[in-house]
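Enquirer: Let me give you the structure first, and then I'll get to my questions.
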Amino acid sequence: MDAVLKAEGLTKEFKGFVAVNKVDLTVERGSIHALIGPNGAGKTTCFNLLTKFLQPTRGTITYDGRDITRMAPADIARLGMVRSFQISAVFPDLSVLQNVRVALQRKRGDSYDFWRSERGLTQFDDEARAHIDAVGLSEFTDTRAGELSYGRKRALEIATTLALDPAMLLLDEPMAGMGQEDVERTSALIKRIAANRTILMVEHNLKVVADLSDKITVLARGEILAEGDYDTVSKSPDVIDAYIGAGHD
Amino acid sequence: MSVSDIQPETNERRPATAGMPKLHMAIFAVLFVVLAVLPMLVYPVFAMKVMCFALFAAAFNLLLGFGGLLSFGHAAYFGGASYVAAHASKVWGLSPELSIIAGTLAAGILGLAIGALAIRRQGIYFAMVTLAFAQMVYFFALQADFTGGEDGIQSVPRGSLFGIFPVDSNEALYYLVLAVTFGGILFLYRIVHSPFGQVLKAIRENEPRAISLGYRVNRYKLMVFVLSASFAGLAGATKSQVFQLASLTDVHWSMSGEVVLMTLLGGVGTVFGPLLGATIVVTMQNYLASMGAWVTVIQGVIFVLGVLLFREGIVGVISKWLKRPL
């Protein structure tokens with residue numbers, strides 16, 4: 001199996017505080033890789049570094065054999081590596097259909113056309129509706145995204161992301177704030193979309209992680225504590241220590 | 001129990017997204033008819049002033065309402081274009097339509113230069129950068145030779161449209177101004193309702209998400225900045241032909257403030273709000289002019305009341321009542 005995303009010596013310092021320290025991470029093509037760790041372990045920072053929303057202090061990141069360490073975040077997305085956000089990321093004042101269309105129209109490449117009518121965008125309607133159907137939102141197609149419930153906003157976010165047909169997805173706590181029923185539905189959805197994609201996710205829900213991931217990396221205080229499948233990681237004394245330690249803070 | 005069961009949800013149907021809604025078309029049509037007969041009812045120069053400011057406010061609204069960028073230096077484009085157009089008419093002897101085009105282009109180029117630097121900052125810093133550059137333009141207009149210093153450029157000839165049709169009379173010029181401003185406002189409407197406008201709204205609503213979808217947001221911001229500056233320039237250039245004058249008032253920071261006031265009063269992010277806001281402010285200045293310095297006080301009171309009573313501007317509030325975008 002080959003590595004699709006690779007970070008070497010990834011370090012991020014904020015004014016003397018080292019949030020992420022010399023992290024080496026290899027995500028294999030077609031796998032579901034989870035990044036876990038107690039609060040403040042640097043998961044989200046790490047995530048933002050990989051998607052270039054933060055610039056690393058040191059270290060290199062390669063995606064698909066290409067050095068992306070100095071690239072802009074929008075260009076990373078164009079290479080097929082698309083991220084989600086912890087708080088649901090929709091465009092609240094646009095309808096559900098328009099939300100998905102925004103993703104579809106980017107690929108067309110002429111989104112700078114300010115003199116054209118938006119009527120031309122209806123050519124994406126069928127494709128957009130298919131993505132909306134796939135996440136079970138068809139009855140809300142014309143609803144303002146801001147009016148959707150939390151769970152449905154997350155579903156819309158996934159539909160929008162899938163509309164880009166990314167080769168790699170980075171999910172930042174996809175289950176955060178979800179009820180049990182939504183967690184199961186989303187788990188199934190992630191499993192389905194992982195069929196021909198690579199997924200790296202940050203997640204707190206250990207049951208989900210155990211269930212979904214092929215490989216788990218445990219971070220604590222900005223460093224890698226353990227790596228491997230769920231059984232290996234869950235038996236590691238360091239990990240047990242870190243989690244119990246954090247629990248007693 | 002899932003989260004989705006707890007939160008109430010409305011599934012209100014919105015009008016189809018394609019094409020101009022009938023309501024907007026009707027309002028534009030009524031507006032056009034009213035404007036076509038207006039010179040018979042009011043002093044044409046006053047009506048032309050209102051139209052120029054309506055276009056100016058609409059151009060500003062494109063940037064603030066749809067680009068989410070608060071510029072505090074739009075006088076630079078409005079006034080800059082008015083100087084260039086006045087100079088083109090008076091010194092180069094260009095016909096009015098060419099002078100207006102020259103002014104508009106100059107404002108666009110100025111917008112490109114200032115915008116490229118300003119969009120690197122956000123929020124209040126963005127506003128401060130635009131203000132700083134606008135002040136530079138003001139002092140340039142005050143000091144440079146061709147701008148006439150304190151006097152401005154006066155007695156600009158109106159000339160003939162395309163060199164053929166004289167527009168010396170207010171009546172003739174009125175229809176040129178109507179065509180330019182109305183056309184400008186319709187074009188701004190089109191920009192908002194274009195594929196580009198759609199991306200713009202997405203960036204305004206959630207910039208990190210737009211980036212994560214692969215949009216290079218700074219290019220969109222720069223583009224909307226240049227478009228807004230150009231249309232502000234179109235308004236200023238046209239105004240210089242109406243009043244046959246380019247003056248320091250047009251580039252003064254208070255002009256930048258006035259267009260913010262017009263837009264907020266009418267309703268930022270609405271189609272018709274800036275037009276109404278501009279009409280109210282210009283009418284007030286015109287009919288209360290005899291009260292001297294009190295105009296500013298009254299204007300301030302109206303603005304405060306407007307912000308307190310209609311948080312979303314007059315048209316914004318009406319739009320909420322009707323549950324339709326206006």
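One is the number of the first residue shown, and numbering goes on along the chain from there.
Glycine residues also receive a Cβ, built from the backbone N, Cα and C atoms like all the rest.
Pulled these features from TrEMBL for this protein:
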- B:23-46: transmembrane segment (TRANSMEM)
- B:53-78: transmembrane segment (TRANSMEM)
- B:98-117: transmembrane segment (TRANSMEM)
- B:124-141: transmembrane segment (TRANSMEM)
- B:172-192: transmembrane segment (TRANSMEM)
- B:222-239: transmembrane segment (TRANSMEM)
- B:259-282: transmembrane segment (TRANSMEM)
- B:294-318: transmembrane segment (TRANSMEM)
Enquirer: Out of B:98-117, B:124-141, B:172-192, B:222-239, which stretch has the largest tally of CB pairs under 8 angstroms to the transmembrane segment (B:53-78)?
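Expert: Out of the listed stretches, B:222-239 contacts the transmembrane segment (B:53-78) most.
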Enquirer: Sort out for me which stretch, of B:23-46, B:98-117, B:124-141, B:222-239, has the most Cβ pairs below 8 angstroms to the transmembrane segment (B:259-282).
Expert: B:23-46
Enquirer: Mind pulling out the one from B:23-46, B:124-141, B:172-192, B:222-239 with the most Cβ pairs under 8 angstroms to the transmembrane segment (B:98-117)?
Expert: B:222-239
Enquirer: Between the transmembrane segment (B:172-192) and the transmembrane segment (B:23-46), are there three or more CB pairs that fall under 8 A, provided the residues in each pair are separated by 6 or more in sequence?
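Expert: Answer yes: the transmembrane segment (B:23-46) meets the transmembrane segment (B:172-192) with 3 or more Cβ pairs below 8 Å.
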